[in-house]
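Annotated Zn(2+) binding site per TrEMBL: B:Cys86, B:Cys89, B:Cys120, B:Cys123, in sequence order.
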There are 2 protein chains.
Amino acid sequence: MNRRNTPTKEAVLSLLSSSKKALSQDAIERQLDIKINRATIYRVLNRFCEDDLVHRIVAEDGKQYFAICKKCEPSEKTKYHFHFRCLSCDTIECLKIPVQYSIPEGYEVQNANCVLTGTCNDCSL
Amino acid sequence: MNRRNTPTKEAVLSLLSSSKKALSQDAIERQLDIKINRATIYRVLNRFCEDDLVHRIVAEDGKQYFAICKKCEPSEKTKYHFHFRCLSCDTIECLKIPVQYSIPEGYEVQNANCVLTGTCNDCSL
DNA sequence: CGTATTATTGCAACATAATCGCAATAAAAT
DNA sequence: ATTTTATTGCGATTATGTTGCAATAATACG
Ligand SMILES: [Mn+2]
Ligand SMILES: [Mn+2]
Ligand SMILES: [Zn+2]
Ligand SMILES: [Zn+2]
């Protein structure tokens with residue numbers, strides 16, 4: 001399935017690139033200059049995830065948030081990192097903290113979704 | 001707000017106690033002998049969480065799963081532990097693996113939701 | 001006991017997130 | 001220019017979870 005370049009794709013990727021926070025579909029739709037259909041945004045995002053351009057975070061609110069993988073090297077060591085959700089400013093950000101665990105025998109980990117919740121630095125003043 | 005003992009409450013708690021896996025509202029409703037309304041189950045579960053009898057896990061599928069806190073002492077050291085979701089048998093279990101992280105200055109963590117996904121021991125044969 | 005208080009329940013309606021089918025559009029290849 | 005088919009918009013649909021309200025029942029209290 002070959003990918004095609006479209007204004008929609010570029011707009012969403014550009015927005016994610018310039019954002020310091022992970023964004024939900026909702027937030028993306030609101031922040032975009034052009035009007036893009038909801039289903040389309042989801043499809044674009046899902047494609048980005050498939051292509052490992054973007055990673056998906058599921059927060060405690062059950063919603064999906066998307067963030068660009070800038071420094072997310074697929075190096076086995078720092079494969080997964082924590083995310084932080086601030087209950088005060090309601091933003092989700094990537095923390096440069098590797099997820100460490102020792103999995104029991106026989107288990108195989110394919111993905112990790114780790115979200116810490118609380119108050120961020122900006123809001124704790 | 002005082003709590004009252006009801007058949008519903010006991011049935012749900014008993015089911016969670018005897019289950020080795022975390023259960024969704026859906027699964028609880030199906031596994032219960034008596035028919036209990038969906039909203040009621042959610043309300044019972046939310047009360048259990050408020051009272052720290054049960055803890056809530058939000059998985060990658062965006063759904064809530066509930067598990068009994070048997071050995072979940074509120075000791076600060078092992079406050080949070082990992083959970084594992086098997087994509088093969090579609091179950092979620094508590095791992096006795098503490099969540100370790102070093103949070104940046106100024107951040108305050110109130111909760112952690114950490115789910116590893118992959119294949120469990122039973123399914124990896 | 002009998003009665004009063006109010007936590008709990010069932011039901012329907014609601015809210016929101018995310019997906020899907022299908023026809024129309026448009027990017028890319030030829 | 002024409003063909004191919006990935007992408008889009010739209011509406012409908014599924015799913016999870018919550019809420020308002022009246023009815024029910026657990027608990028306290030005389
Ligand atoms: Mn991240
Ligand atoms: Mn657990
Ligand atoms: Zn904040
Ligand atoms: Zn399994």
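Cβ atoms here come from the backbone N, Cα and C positions, even for glycine.
Annotations in TrEMBL come from automatic prediction, not curation.
For B:Cys86 (Zn(2+) binding site), the same-chain residues that are 6 or more apart in sequence and have a Cβ closer than 8 Å to its Cβ are B:Ile92, B:Thr117, B:Gly118, B:Thr119, B:Cys120, B:Asp122, B:Cys123. Contact annotation for chain A: of the listed binding-site residues (B:Cys89, B:Cys120, B:Cys123), B:Cys120 place their CB atoms under 8 A from a CB atom of that chain. Neighbour density for B:Cys120 (Zn(2+) binding site): within 10 A of its CB lie 19 other CB atoms from the protein chains shown. A Cβ within 8 Å of the Cβ centre of B:Cys86, B:Cys89, B:Cys120, B:Cys123, the residues given for Zn(2+), is found for these other residues of the same chain: B:Leu87, B:Ser88, B:Asp90, B:Thr91, B:Thr119, B:Asn121, B:Asp122, B:Ser124. Ranking the binding-site residues B:Cys89, B:Cys123 by C-beta neighbours within 10 Å puts B:Cys123 at the top.
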